[in-house]
């Protein structure tokens, strides 16, 4: 018969007592009172945070937006068709965040950073909050480097700098998205990461943009965040913040980023829908009172960081659609007041064949020539002045038939300058090409040509300088100054090409 050893038993009991770890897991839960239209009202969830993610019994995730005394208003990140009254909900203890990494480059994702391009999962080891605070005053420095768009009208007269917020505004079908995509194409080789956020767009329009970027090799440095028109309002509301979080990831790693929001007015409409369903009081145009804050907290995240933080930058180009050119509507005025200037696209100019249809008279950049290299400043000043005088004269000339020779010459020069601002889509120009184009126009070298010949001559001149006078581009790119040597090279090239062109035209 085995003997019972009391000391061994007591040791085992003592060990077990020492190893015992009393773990109490408290889960913050609630019950669904009502669900429908992408909104759920929950009883319970007493300690939930504003903006916290909550998980429903069947797996749908929601965001707690309304914290009321008797219930919590939750917006659903999905259709929520399987959620039933009385089903349980638990708080996750997490605020909305997304995974971030270099692997996102070249991919098309949704507002939850999940790939929607059918090319498999995206690996990531880090995450960022979808809504993080904008850099403070000390964390920023003033904008001083240009972000070239490749469009003469913008780079010469409405320059955009790295870290600036510049609004692109105009009626539908005036080429707003084309200006933004051309800017992305022009960043090739400039070490700029681009993020294109499509909010409430047609899926076919987004596919068109993605194809255009892929064909020209721009997807290598671009991320597309897309929520189509049929997406839940919650995801359309979140998409811009997801794009901003991805751009911030690169900005804080000392990189330069460009983010395009197309368009924030659709985000405001999604937010209005959510707010009205949550029974928040409506204000002007039925938008909630904090719709200004919706956009300001998004656009303030664009910045040029200080030297201490590595001088990374995030440049934002929000695109807003107007109705019949009315910029005094609620959302356009809000975004105009937040941004550092606006590029106004006119339907009249577009229909008159002036493309890009930029109305230079009412477009403005509040950063100005600080966002231009010295060479561009040297030639752009004269262009601005001559176009302003031309616009004034043109209006006056409509009421007068007998104009003196000087006025006729000035009108002829203005028409040719307006012609040189025209550009084909997806054909951005380098800074050197822009400088030679502007110099040719403002110094009267185009005056002898017919208006119909101007663009053809300029195209051939740019090719001629690129092949026969490569030193010109080297001087501009290395010194950033339009030196006397560069000027002499350009004058020779213009004369030589002019002679060649006139001979060809006679044949």
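Using N, Cα and C of the backbone, Cβ positions are placed for all residues, glycine too.
Keep in mind the model is a prediction, meaning the values are calculated, not measured.
Lifted from Swiss-Prot, the feature list:
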type	residues	note
BINDING	170, 171, 172, 173, 174, 175, 176, 177	ATP binding site
SITE	363	site 'Required for activity'
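Taking a C-beta cut-off of under 8 angstroms and a sequence separation of 6 or more, residue 170 (ATP binding site) has the following same-chain neighbours: 176, 321, 322, 325, 344, 345, 346, 347, 357. Within 8 Å of the Cβ centroid of the ATP site, not counting the listed residues 170, 171, 172, 173, 174, 175, 176, 177, the chain contributes 321, 345, 347, 350, 357. For residue 174 (ATP binding site), the Cβ neighbour count at a 10 Å cut-off comes to 27, with all displayed protein chains included.
Fewest Cβ neighbours within 10 Å among the recorded positions 173, 177, 363: this applies to 173.
Comparing residue 172 (ATP binding site) with residue 363 (site 'Required for activity'), their Cα atoms are 17 Å apart once rounded. The two recorded residues, residue 175 (ATP binding site) and residue 363 (site 'Required for activity'), show a Cα separation of 15 Å. In this structure, residue 177 (ATP binding site) is part of a helix by DSSP. Note: the CA-CA distance between residue 174 (ATP binding site) and residue 363 (site 'Required for activity') rounds to 15 Å. Taking only the Cα positions, the spacing between residue 173 (ATP binding site) and residue 363 (site 'Required for activity') is 18 angstrom. DSSP assigns residue 171 (ATP binding site) to a strand.
The local packing around residue 176 (ATP binding site), expressed as other Cβ atoms within 10 Å of its Cβ over all shown chains, amounts to 25. Within the same chain, the residues at least 6 positions away from residue 171 (ATP binding site) whose Cβ sits under 8 Å from its Cβ are 321, 322, 323, 324, 325, 345, 347, listed in sequence order. Taking the C-alpha positions, the distance from residue 363 (site 'Required for activity') to residue 177 (ATP binding site) comes to 17 Å.
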